[in-house]
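Here's what Swiss-Prot has on this protein:
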type    : residues  : note
MOD_RES : Ala2      : N-acetylalanine
MOD_RES : Lys55     : N6-acetyllysine
REPEAT  : 171-208   : repeat 'HEAT 5'
REPEAT  : 210-247   : repeat 'HEAT 6'
REGION  : 315-344   : region 'Disordered'
MOD_RES : Ser335    : phosphoserine
REPEAT  : 424-467   : repeat 'HEAT 10'
MOD_RES : Ser558    : phosphoserine
REPEAT  : 563-602   : repeat 'HEAT 13'
REPEAT  : 688-725   : repeat 'HEAT 16'
REPEAT  : 770-808   : repeat 'HEAT 18'
REPEAT  : 809-845   : repeat 'HEAT 19'
REPEAT  : 852-889   : repeat 'HEAT 20'
REPEAT  : 890-927   : repeat 'HEAT 21'
MOD_RES : Lys971    : N6-acetyllysine
REPEAT  : 1002-1039 : repeat 'HEAT 24'
REPEAT  : 1099-1133 : repeat 'HEAT 26'
REPEAT  : 1140-1189 : repeat 'HEAT 27'
Amino acid sequence: MASASYHISNLLEKMTSSDKDFRFMATNDLMTELQKDSIKLDDDSERKVVKMILKLLEDKNGEVQNLAVKCLGPLVSKVKEYQVETIVDTLCTNMLSDKEQLRDISSIGLKTVIGELPPASSGSALAANVCKKITGRLTSAIAKQEDVSVQLEALDIMADMLSRQGGLLVNFHPSILTCLLPQLTSPRLAVRKRTIIALGHLVMSCGNIVFVDLIEHLLSELSKNDSMSTTRTYIQCIAAISRQAGHRIGEYLEKIIPLVVKFCNVDDDELREYCIQAFESFVRRCPKEVYPHVSTIINICLKYLTYDPNYNYDDEDEDENAMDADGGDDDDQGSDDEYSDDDDMSWKVRRAAAKCLDAVVSTRHEMLPEFYKTVSPALISRFKEREENVKADVFHAYLSLLKQTRPVQSWLCDPDAMEQGETPLTMLQSQVPNIVKALHKQMKEKSVKTRQCCFNMLTELVNVLPGALTQHIPVLVPGIIFSLNDKSSSSNLKIDALSCLYVILCNHSPQVFHPHVQALVPPVVACVGDPFYKITSEALLVTQQLVKVIRPLDQPSSFDATPYIKDLFTCTIKRLKAADIDQEVKERAISCMGQIICNLGDNLGSDLPNTLQIFLERLKNEITRLTTVKALTLIAGSPLKIDLRPVLGEGVPILASFLRKNQRALKLGTLSALDILIKNYSDSLTAAMIDAVLDELPPLISESDMHVSQMAISFLTTLAKVYPSSLSKISGSILNELIGLVRSPLLQGGALSAMLDFFQALVVTGTNNLGYMDLLRMLTGPVYSQSTALTHKQSYYSIAKCVAALTRACPKEGPAVVGQFIQDVKNSRSTDSIRLLALLSLGEVGHHIDLSGQLELKSVILEAFSSPSEEVKSAASYALGSISVGNLPEYLPFVLQEITSQPKRQYLLLHSLKEIISSASVVGLKPYVENIWALLLKHCECAEEGTRNVVAECLGKLTLIDPETLLPRLKGYLISGSSYARSSVVTAVKFTISDHPQPIDPLLKNCIGDFLKTLEDPDLNVRRVALVTFNSAAHNKPSLIRDLLDTVLPHLYNETKVRKELIREVEMGPFKHTVDDGLDIRKAAFECMYTLLDSCLDRLDIFEFLNHVEDGLKDHYDIKMLTFLMLVRLSTLCPSAVLQRLDRLVEPLRATCTTKVKANSVKQEFEKQDELKRSAMRAVAALLTIPEAEKSPLMSEFQSQISSNPELAAIFESIQKDSSSTNLESMDTS
């Protein structure tokens, strides 16, 4: 420390030198010292350093002054608080100095100090004291109005301080407001502007009293309307407040909007511009409160979008349909753009109107149909706007409209609505000719910006409506070529033009472009040769698509591609050979050449083998190998049967080596390539090549990556079909891995299907030691030997499916094996595991093969219904149902008879019936529907809930077989006197809803409202199942319930309330335990709310929704967990609404995070509380992603609390790490 002090005192001495270079060097060295974390200053050194730095702020040399200011930043964090106060005092005094240079440097110094203070959320005393000290001095400097430049600096610093530390200055907010309000009438506009900025920052942290004072003052002054100049300022101020604190100003809009509407009619363009900007901020920041006024705002914007009093457009509307490709008379185009009038401010009004319409379109999804009637035609008619900046905003507004129309939401392309013909998509379709007509002239404008807007517009239009431009390609192609050939085009314009052309080529049929290929190929080829790599890259994508257009392989085409092959090949091969080009260009050149060979390879002659050799080189390069593998896969799959023999000998071993690389995408791509090569080139592959591949397969077949396993198994299946002689190799490690995978509980879906296909392909090859019985022993051996017990039930199902697959492939082996399984079930010495496997295997085999010839099968299965093992009983139930599917006339009447005569076995038999209804063909079941229906209705009033649920599922699935007859019958049971019957039919409806279109859908849409009326049922359980059914509809097919939300939501929200009458106390020995019978129904209601966020957000009143979310935050553990998840979703879906409610949401979150578990609680209680805290913290982290959330005083206070509590701080930190790593993972595209 002594040496540091000595070094610093040395520097201080040099700072007093008369030589400015000495002073500069010493200050620079001091700066370096202060930036070191290790530096410790004693009191004396602190005092001297502070004094010297402040003195150097007045140095004659500007460079020394600037360095001294920079020293303030690190100095503030290294000295004691009273020294910081000295610095601040001196800077404030100097700010009022007569010397302009000293004032400026002191202002910069104050901003530097404020910037270095710890944020308000850290709860730092230093920050609070410094800010309080500065505030008093600033308010007096602002209020004096003596020197405008001092005022401007003071306002600047005040705004900076309020934005960073506003929450610490709550006590000063009234005095700050008092000094700021008079500045709104300052004769200097710059002062007014900075005052507005400061007020904007003030409203984000001030208390309600100050906020009300400010708004009342503005409203009162606006009502007086003393002068046009101040009225403009007040409107600007209101817009700024709305932008910064829309969630607070909302409740005053009823008073504000009529005033702003009135001022729109005043003949003052600047005032109009500010009024419309205010509307824009209301639309974006106060979505709920502005809703009643949206139509008024749209009408005002549409009026002023065309407001151009000094210009006449009439003469421009001559016939625009003739568009020449040569663009001969372009020189005199765009002369209108040069029209300029310095006094004409009307363009600002038009621009404000366009931006405001953009805001309306972007925030009001529910008004899309209305927008296409009114806003869309108006915007299209203004594409001819003469001011370039305004035109860009008109285009942007239309782009926003198109983006809102993207059919990501199921309701936008709801088939029912489509039939009515009035959906946003159909309305857009009808306006495409007008859009093209309006863009047509703009595409040859001189302005680069305008042409870029046109390309962005066309790209988005085609993304929203693929095929929309089919009729208009002849009009658009010349405009695209114009930009590609135009010497004045910027690189970005060419890239946009190419990107647009690519999207159009991808989304229209090839025939549409055939008349234009001759015109398109030369400019695209020229762009492939462009020196700028981004243009080359985009042009290669277009070339690849053009190749598919000139010779489509998936449809007959009479177009002659021959004249274009040489040009396309030559420009691509040049890029393929180049070594020093950009990575993206390398990859796209490979993909493009792959497409050329795939579609045109039979025309390449001697160029083909040479090009394939280049591919071989690219295959050996780590950077290009994955793209090359994909290109080879494309070529190998070509119907032209390209001759790949020259590269297979060297290529296949290289591909085999890729299977051991630690790159998942490469493994998957290579397996696809090898699969297609085996299918199409088996005669060119040698046994050695295939053996090399087989050697690499065992590590790929593993439950750790089911997708890779599935691809590997599919490859083996292809091998078994095409190259059976190679399979003798697999009996060792490959087969061991396969059998191991069959026993994995994770084997299901696509991987399981691939496994079944493989066993069927393998068993018919007749390979030694891999016959039917060999494979059967391998699969079932462990169960019979009991050497290794299979722990998971799923493993038995998988083995049984494999056994059935083998038996289907070898039907002659069937009877003997089935007989053996029957004996295994009968044998009293069989273990439960053997019985389980035997029953499941009988079920799987019987599903596909008629087993009615096995006379004792029925009695053996019924006997198994009495087994003491639940798993064996369940397997017997499944087996009976599955076997019945194989011969319905034999088994179905038997099952129905047993259900009637065996009440004790009813539950298991109903499960068998469910299996039959779920799996049998509709035609096969039709004759039995009436009998099954009658039987089910007898049991739908059963008191046992498990039985009722199976009956309901059977009823639902049966209804799908004959909806016209059965759905009305189900509906009839809604008036049953039995609450059990009502709950059964409502649950049955759940099983008629699926996420893909079905014949029942239109019928269901007409009557689902009747089933949902049971949300008003007096019985609690009926209401609960109604919510579960509603949730299923909202999740799988939202179009069924969208139009019912207005009537359903009040009942749904009603079920989120805690009901005291449903809470009771139960005595358990010496303890009293509280039971809440309403918990399950509340949970069901909150689950529905969560689902609605994803499927019907545009139909929700989000503020009403948030009221119930707030209640849920104070409810039971399960419901809190659900509402925390909702908050995370809401933070991204509707941040502005959440921001308005932030203060009310923070309190319950804080309560959860600070709750302590009683010391004598059980471990489970501690774990539950810990999980609650983590979930609450995730919600807090999500809320903090909303811009400006941390500026809420309550939120910043809660943040301070989190950071000062080690336990909460640790949880919060780990959650933030998790979310950032998740974001990184989602960016990993490989």
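Positions of Cβ are set from backbone N, Cα and C atoms, glycine also.
Cα of Lys55 (N6-acetyllysine) to Cα of Ser558 (phosphoserine): a span of 87 Å. Across the repeat 'HEAT 27' (1140-1189), the model assigns an average pLDDT of 83. Distant neighbours of the repeat 'HEAT 26' (1099-1133): 287-288, 366, 1042, 1045, 1049, 1053, 1056-1058, 1076, 1079, 1082-1083, 1086-1087, 1089-1090, 1092-1093, 1140-1141, 1144-1145, 1148-1149, 1151-1152, 1168, 1171-1172, 1175-1176, 1178-1179, 1182-1183, 1185-1186; these residues of the same chain sit at least 6 beyond its ends, with a Cβ under 8 Å from one of its Cβ atoms.
For the repeat 'HEAT 16' (688-725), the residues of the chain that approach it from at least six positions outside its boundaries are 648-649, 652-653, 655-657, 659-660, 664, 667-668, 671-672, 674-675, 678-679, 682, 733-734, 736-738, 740-741, 744, 746-747, 749-751, 754-755, 757-758, 761-762, 765-767, judged by C-beta separation under 8 angstroms. Here the modified residues are Lys55, Ser558, Lys971, and the one whose Cβ sees the fewest other Cβ atoms within 10 Å is Ser558. Sorting each residue of the repeat 'HEAT 5' (171-208) by its DSSP state yields 30 helix, 0 strand, 8 coil. Listed as Cβ neighbours of the repeat 'HEAT 24' (1002-1039) (distance under 8 Å, sequence separation of 6 or more from its ends, same chain) are residues 410-411, 414-417, 963-964, 967-968, 971, 974, 979, 982-983, 985-987, 989-990, 992-995, 1047-1048, 1051-1052, 1055, 1062, 1077-1078, 1080-1081, 1084-1085, 1087-1088, 1091-1092, 1094-1096. Through the fold, the repeat 'HEAT 13' (563-602) approaches residues 517-518, 521-522, 525, 528-529, 533, 536-537, 540-541, 543-544, 546-548, 550-553, 608, 611-612, 614-615, 618, 623-624, 627-628, 630-632, 634-635, 637-638, 640, 642 of its own chain, all at least 6 residues removed from its boundaries and within a Cβ separation under 8 Å.
You'll find the Cα of Ser558 (phosphoserine) roughly 57 Å from the Cα of Lys971 (N6-acetyllysine). Long-range neighbours of the repeat 'HEAT 18' (770-808) within the same chain, counting only residues 6 or more positions beyond its ends whose Cβ lies under 8 Å from a Cβ of the stretch, are 727, 730-731, 735, 739, 742-745, 747-748, 752, 755-757, 759-760, 762-763, 814, 817-818, 831, 833-834, 836-837, 840-841, 843-845, 847-849, 871, 875. Using a Cβ-Cβ cut-off under 8 Å and counting only residues 6 or more beyond its ends in the same chain, the repeat 'HEAT 20' (852-889) has close neighbours at 793, 796, 815, 818-819, 822, 825-826, 832, 835-836, 839-840, 842-844, 846, 895, 898, 905, 908-909, 911-916, 919-920, 924-925, 928.
If one looks beyond the repeat 'HEAT 19' (809-845) by at least 6 residues along the same chain, the residues whose Cβ comes under 8 Å of a Cβ in the stretch are 759-760, 763-764, 772-773, 776, 780, 783-784, 786, 789-790, 793, 796-797, 799-801, 803, 851, 853-854, 856-857, 860-861, 863-864, 867, 869, 871-872, 875-876, 878-883.
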